[in-house]
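Report on the following structure.
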Amino acid sequence: MSKTTFIIIAVIIILLLLALLGFLFYWRHRYRHTPTPPSSGPPVTPATPASITKAMQSGWGTIENQGNCLTATSNPGANTSIELQTCINPSSDNSSQQWKMTGNNSFISKLDPNGTYCLDVDGTASVGSSDQIHFWQCQQQDTTKMGWTPKITTNNPLNYQLVNNKTTSACLDASPGINKQPILQTCGANTTASQQWVFKPISS
């Protein structure tokens, strides 16, 4: 074999090897399996005070704190008490635990659907007063003690504080516990469990 022939064969072999390596590189990157990342589910749309208020005004629902429900103890009337009680299954008659927000941000009970009496603060509604919650004849101004504004809590986008419109530093508070009247208390931190409320619409 001449030297020239040997060089030609060597060059051909090198070119074939380079072509093979190029093909393998292409195949590896073209057809390698890329694992599909697990789905985290649809994104949660952050609630806003406006969206919460709209939901409360759109229909009846329960107002809950740590699995217990705001409850009218009897047919609403002047000074009728409102307590935090164990939630009743919606398949049963839980009208005493169903609420709706009026156009001026007051809460009425399904036991009084015409809205004669509203959820009210018994007392001056001053910060730190620990005034109890009860029913009183509805007023027309949303700046009264009967007006409430939801405030989003950063630690849980589904829960919120209910701030009293007369004194915007006081919130609806369930700290007295089960079968007791909630109170108006100074709004605490976002992690204050007794002030974490959620409105759950009742399907008609």
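Counting begins at 1 with the first residue displayed.
Using the three backbone atoms N, Cα and C, a Cβ is placed for every residue, glycine included.
Computed from a predicted structure; not experimentally measured.
Annotation source Swiss-Prot lists disulfide bond at Cys69-Cys87 (among others), citing sequence analysis. Mapped onto three states, the DSSP output places Cys69 (disulfide bond) in strand.
Reduced to three states, the DSSP call for Cys138 (disulfide bond) is coil. Cys138 (disulfide bond) is surrounded by 21 other CB atoms, counting those within 10 A of its CB over all protein chains shown. Marked as disulfide bond by Swiss-Prot: Cys118-Cys138 (among others).
According to Swiss-Prot, the disulfide bond annotation covers Cys171-Cys187 (among others), on the basis of sequence analysis. According to DSSP, Cys187 (disulfide bond) is assigned to coil rather than to any helix or strand. Neighbour count (other Cβ atoms within 10 Å of the Cβ, all protein chains): 21 for Cys187 (disulfide bond).
Under the heading domain 'Ricin B-type lectin', Swiss-Prot lists 52-200. The residues of the domain 'Ricin B-type lectin' (52-200), classed with DSSP into helix (H, G, I), strand (E, B) and coil, number 13 helix, 61 strand, 75 coil.
What Swiss-Prot lists as N-linked glycosylation site is Asn79 (among others).
Residues annotated as N-linked glycosylation site in Swiss-Prot: Asn94 (among others). Residue environment of Asn94 (N-linked glycosylation site) contains 17 other Cβ atoms, counted within 10 Å of its Cβ in all protein chains.
Swiss-Prot lists Asn104 (among others) with the feature N-linked glycosylation site. Annotation for Asn104 (N-linked glycosylation site): same-chain Cβ neighbours under 8 Å, separated by at least 6 residues, are Gln139, Gln140, Gln141, Asp142, Gly147.
Listed in sequence order, there are no same-chain residues at least 6 apart in sequence whose CB falls under 8 Å from the CB of Asn114 (N-linked glycosylation site). Under the heading N-linked glycosylation site, Swiss-Prot lists Asn114 (among others).
Counting only residues at least six positions away in the same chain, the Cβ atoms of Asn105, Asp142, Thr143, Thr144, Lys145, Met146, Gly147, Trp148, Thr149 sit under 8 Å from the Cβ of Asn165 (N-linked glycosylation site). What Swiss-Prot lists as N-linked glycosylation site is Asn165 (among others), and the listing cites sequence analysis.
For Asn190 (among others), the entry in Swiss-Prot reads N-linked glycosylation site. Cβ neighbour count for Asn190 (N-linked glycosylation site): 16 (other Cβ atoms within 10 Å of its Cβ, all protein chains included).
According to Swiss-Prot, the feature transmembrane segment maps to 6-26.
In sequence order, Thr102, Ser106, Phe107, Ile108, Phe135, Trp136, Gln137, Cys138, Gln139, Met146 are the residues of the chain that are 6 or more apart from Cys118 (disulfide bond) and have a CB within less than 8 Å of its CB.
Residue pair Asn190 (N-linked glycosylation site) / Cys87 (disulfide bond) shows a Cα separation of 24 Å. By the criterion of other Cβ atoms within 10 Å of the residue's own Cβ, the least surrounded of the disulfide-bonded residues Cys69, Cys87, Cys171 is Cys87.
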